[in-house]
Amino acid sequence: MASFPDCVNENDLDKAKFVGELLVPVAPFDQKSGREAWTVAFAPNGSYFAWSQGHRIVRLIPWNKCLKSFSLSAGEEGTNPTSPRHLSRQNSDGGVTIPLADEPREHTIDCGDIVWGLAFGSSVPEKRSRCVNIEWHRFKFGQDQLLLATGLNNGRIKIWDVYSGKLLLNLMDHTDVVRDLTFAPDGSLMLVSASRDKTLRVWDLKDDGNMVKVLRGHQNWVHCSSFSPDSSILCSVGAGKAVLIWNMDKYTLIRKLEGHHNDVVSCEFSPDGALLATASYDTRVIVWDHHKGTILLELGHLFPPPSPIFAGGANDRWVRSVSFCPDGRHIASITDDRFVRFWSIEEKAPQAIASLSNGLCCAFSAEGSVLAAGTRDGSVHFWEAPRSITSLQHMCRMALRRLLTTQQVEALAIPTPLQDYLTYKVV
């Protein structure tokens, strides 16, 4: 079962509140293989939730509809004023503005092959295509355009209009499974795909999905990638302990982070872009200062920790997924020991735990109050995230770190204790 530090009694840990689940109908002919929910995703504006429920199917559900059936104690996310019921949108074919119905529609999408990666992307018209030589484009994405990218087992990437469920683009260049997808958060509709063909590919959807660049640096499968909040940096992780940091203005490799002892399968930046969390089969989540390539915090899932040479032996403790909460203070991890752990960046022991069999992936909702986790049987489970009042100090730190790198903070003429706090040396 689960492993915790000697100083921690599992029975004393808080139990995260289970708030709901989405189950998949099981047909008599269903096989265990192919039913996995490899990925779950929330729309940036909190309007939709999507998950790959196995057997080629992706479900798109209005998040408000889920919340109505859940029992949240406070702070309902469904009151988000950017909900689709308040929006009108421009047709992606360049047509007239179409008012949305009172309730956004639910969609079931057959992608034609096993779905490994999902990502929502939203458009900002001011962010033009990087291909400046092309004056005419097939698609003209409106300000409130919401897209869903799906990465498939056959190496294809399909782009869907979330509000209509219509297929817009079919991107074909990868030669193996597209394991993960991530959109640049700046609204430019730049998409990065991570594949088992050992490459990352950068696509410009505002240029009708043309491929901009192939990023080569991984020697083995690429499992996951993540943009920094300002879209300037990309982290990619994969087999062979690889954690690579890329400059996305020049498409060049900045550095490799060394510290994991086994395959790295998940990564995500903190909301202020100062921290990077990576999850590995070596039973650890590492929180990095990626600007300097240093380790700030290790979150262990096996005690005593395995030595580097045996780091892959405890496969019942493999960390499958990691997600940073939007509050910048909490992290969630999914592990093969049948537990979900909620961590505070201020502690080396979990703040709360929850039971989950066969978990594969996790993601926080846009407001950060709910964690969704996908499982091997295609279902999704939801928990309330730990609630605490964020200090004014931390809010100021996040605001500053959105603008300054670690090196820039260290160059400030400020007292050392304050400098350590701002660089997360003292959390």
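Even glycines carry a Cβ here, placed using N, Cα and C.
Curation plays no part in TrEMBL annotations; they are all automatic predictions.
According to TrEMBL, the features are:
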type   : residues : note
REPEAT : 141-170  : repeat 'WD'
REPEAT : 171-213  : repeat 'WD'
REPEAT : 215-256  : repeat 'WD'
REPEAT : 257-298  : repeat 'WD'
REPEAT : 319-353  : repeat 'WD'
REPEAT : 363-384  : repeat 'WD'
DOMAIN : 386-427  : domain 'SOCS box'
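Across all of the repeat 'WD' (257-298), the predicted model scores a mean pLDDT of 96. Residues of the same chain lying 6 or more positions beyond the ends of the repeat 'WD' (363-384) and with a Cβ under 8 Å from any Cβ of it are 16-24, 26, 32, 35-46, 49, 51-55, 63, 66, 70, 72-73, 75, 77, 80, 321, 323-327, 330, 332, 334, 340, 342, 354, 356-357. In the repeat 'WD' (363-384), helix, strand and coil residues by DSSP number 0 helix, 13 strand, 9 coil. Helix, strand and coil residue tallies for the repeat 'WD' (171-213), in that order: 3 helix, 24 strand, 16 coil [DSSP]. DSSP places the residues of the repeat 'WD' (215-256) in helix, strand and coil in these numbers: 0 helix, 25 strand, 17 coil.
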